[in-house]
Amino acid sequence: MKGLGTLFLLLTACLASRADDAATLPDIQVQENFIESLIYGKWFNLAVGSTCPWLRRIKDKMSMSTLVLQEGATEAEISMTSTRWRRGVCEEISGAYEKTDIDGKFLYHKSKWNITLETYVVHTNYDEYAIFLTKKFSHYHGPTITLKLYGREPKLRDSLLLEFREVALSMGIPENSIVFMADKGECVPGDQEVKPSPHLRARRAVLPQENEGSGSEPLVTGILKKEDSCQLTYSEGPCLGMMERYHYNGTSMACETFQYGGCLGNGNNFISEKECLQTCRTVAACNLPIVQGPCRAYIKLWAFDAAQGKCIQFTYGGCKGNGNKFYSEKECKEYCGVPGDGDKTN
C-alpha cells in the first residue's frame, strides 16, 4: 500500500533534509487506511522539496516526469517505471519497491550507492494527488529527507501547490529548496529534446515579501498569489501539532489566531499578524474604528482616523485589533489614499 512512496524514490538522486531532522523521523505517519491498489497507475511528479545541496544546484534543470506503479513480480514487490528528461534525452528507469509490514511504507535499494531508501505515502486522495516523504542515510550527506508532490494529471489545483509548500516548510525544508517542475510534456524513451527553451525553467516557491508598504508587488507562492487565499476559511490540517498561526477573517476584517496542526491546511495561514494584514487587508479597513485591544504590549502603530481624515499614531496592545492598523505612516497613507509625503515609521 505504498506504491506512491516508490515513485518518490526513483527520482531521489538527491534525497535531503537537515541531518538532525531526518535522524528524528522514526514515527512518520502514513496515509490513514492506506489502500495499495488505489495507488497503482500513472502519476506526474509536479514538485519536490529538499535540502540536498546537489538538488539546489540543478533545480533549474528539473522538469516534470511520469511514474507508473503496478503489481510487482512477487506479492512482496511493487513494480515502478519512471520516464523523464535527463540531459536532453528521454530516459526510462524501471525497478521494484519492497513492501514492509507497514502499509504505506516501502524500501528501495540503490545498488550503485549501496544504500536503502525508505519511502512513505504521507497523504493522498488516490484520484488526484499524493505527497511522499523519503528518508535516506549516506556517508556523504548523513541522514536526509525529500518531499515530493504527485498528481494524476500534469496540473493540480493551486491550493494543493500551496499545501505542499506548507508541508515542506513544516518539515524543515528551506524555501529555496522547494521546486515546482516545469512542464515540458511527456516523452518517449530515446527521444532527444529539440531545443531547450530558456523560459521553461523550474518554478520556484517565492519568499514572502518583506516590504513594509502595501504598494509593492503581490506576494506569490509557487504560481498562486497568496492574497487569493485570504477569503478561504482557515484550516487546521490533519496533523496534530499546535502551532499558533494567523488567518484573515473577512467578516471582522481582522487577522485572528488559530492552532495549525503542522501540515496541509490552506493558504490562509500566516506566521505573523503583520504578514497576514499586509497580504489580505483591503481599503475598507480605513473605515474601521481604531482599536487598541485588551492586551498591554504598548506597540506604536499607525491608523486612519476617518473623523480627522488623516493617519495618526496610536498604541496597540498586541491582540484583538482590526485591519485599521499599519506599520508605518507611509503604509497607512498608501492604503487610505491620504496625500502627503510623510514617511515616519513606528
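Glycine too: its Cβ is placed from the backbone N, Cα and C atoms.
Because the structure is a prediction, the values reported are computed rather than measured.
Copied over from Swiss-Prot:
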- CYS52, LYS110, LYS136, LYS148: 3-hydroxy-L-kynurenine binding site (BINDING)
- CYS90-CYS187: disulfide bond (DISULFID)
- CYS230-CYS280: disulfide bond (DISULFID)
- CYS239-CYS263: disulfide bond (DISULFID)
- CYS255-CYS276: disulfide bond (DISULFID)
- CYS286-CYS336: disulfide bond (DISULFID)
- CYS295-CYS319: disulfide bond (DISULFID)
- CYS311-CYS332: disulfide bond (DISULFID)
- ASN114: N-linked glycosylation site (CARBOHYD)
- SER214: O-linked glycosylation site (CARBOHYD)
- ASN249: N-linked glycosylation site (CARBOHYD)
- 1-19: signal peptide (SIGNAL)
- LEU240, GLY241: site 'Inhibitory (P1) (chymotrypsin, elastase)' (SITE)
- ARG296, ALA297: site 'Inhibitory (P1) (trypsin)' (SITE)
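The shortest Cα-Cα distance from CYS187 (disulfide bond) to any of the binding-site residues (CYS52, LYS110, LYS136) is found for LYS110.
The Cβ of LYS110 (3-hydroxy-L-kynurenine binding site) has 17 other Cβ atoms within 10 Å, all protein chains considered. Using CA atoms as reference points, the recorded positions CYS90, ASN114, CYS239, ASN249, CYS263 were checked against ARG296 (site 'Inhibitory (P1) (trypsin)'), and the closest is ASN249.
Between the candidate recorded positions, CYS52, CYS230, CYS255, CYS319, CYS336, the densest Cβ environment within 10 Å is the one around CYS255. A count of other CB atoms within 10 A of each Cβ picks out ASN249 as the most crowded of the glycosylation sites ASN114, ASN249. In the three-state DSSP assignment, the secondary structure recorded for CYS276 (disulfide bond) is helix. Of the disulfide-bonded residues CYS90, CYS280, CYS280 has the largest number of other Cβ atoms within 10 Å of its own Cβ.
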